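What Swiss-Prot records for this protein:
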- LYS168: site 'Important for interaction with integrin' (SITE)
- LYS178: site 'Important for interaction with integrin' (SITE)
- LYS187: site 'Important for interaction with integrin' (SITE)
- LYS201: site 'Important for interaction with integrin' (SITE)
Amino acid sequence: MATVPEPINEVMAYYSDENELLFEADGPKQMKSCTQHLDLGSMGDGNIQLQISHQLYNKSFRQVVSVIVAMEKLRSRAYEHVFRDDDLRSILSFIFEEEPVIFETSSDELLCDAAVQSVKCKLQDREQKSLVLDSPCVLKALHLLSQEMSREVVFCMSFVQGEERDNKIPVALGIRDKNLYLSWVKKGDTPTLQLEEVDPKVYPKRNMEKRFVFYKTEIKNTVEFESVLYPNWYISTSQIEEKPVFLGHFRGGQDITDFRMETLSP
């Protein structure tokens, strides 16, 4: 930042013998008398203001007027000052008081506001059994005739928040035009698959509760759905006709865990 010069030094710098010439013994007396009526108020609107007092000075009149001339030269000098960041910071520090700002955000709220991507699809197990809604909250697997295909359930598969690993994608399976989602409930020590009714104003959402979330894994032309909280527990169908869909603990045996998925156009 620019430093303010000492007034005395600056005055002496502009003091010269030329100022004295006005008051030499052989100088014009008229010039001396004119200085007695000098109007200092007409020197401009600078920051330096002088006032003449009628009291007696210890210094000679010559010295006083020399100081006036030097001060006038000093006033006419242009000082350049570059406005820097530190100057602005100093000004703001007098106006504002710094306080720590704490942001309280909820990841759940942000995730709920995020758009949920979903696809509509139909599922058939490897035995080509279709999934149908047999009663309000029971999902069964059975073979359908061509004229019965309208009974087949259409799923709304939502891609939800969760850790993706080993080609496993977290999804939630809801039934289209129904407020029903596949979830699990624990009965004793065994997780059991169920259709759970939800609030359509809240679901689907990005941050679904874990009971709704399954890992979708693609294996060749089929997909599997594994519980996120219960590894090696899969959405399964029985080889027996018209049995409810359940959560099974075995792969490659009597329980069918692989499905063919048909993606529907939006």
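Keep in mind that glycine also has a Cβ here, set from the backbone N, Cα and C atoms.
Owing to the predicted nature of the structure, the values given are computational and were not obtained by experimental measurement.
Cα-Cα distance from LYS201 (site 'Important for interaction with integrin') to LYS178 (site 'Important for interaction with integrin'): 13 Å (rounded to the nearest whole number). If you take the C-beta of LYS187 (site 'Important for interaction with integrin') and look for same-chain residues 6 or more apart in sequence within under 8 angstroms, you find none. The sparsest Cβ neighbourhood within 10 Å, among the listed recorded sites (LYS168, LYS178, LYS201), is found at LYS201.
Reduced to three states, the DSSP call for LYS201 (site 'Important for interaction with integrin') is coil.
Mapped onto three states, the DSSP output places LYS178 (site 'Important for interaction with integrin') in coil.
LYS178 (site 'Important for interaction with integrin') and LYS168 (site 'Important for interaction with integrin') are 26 Å apart (CA-CA, integer value).
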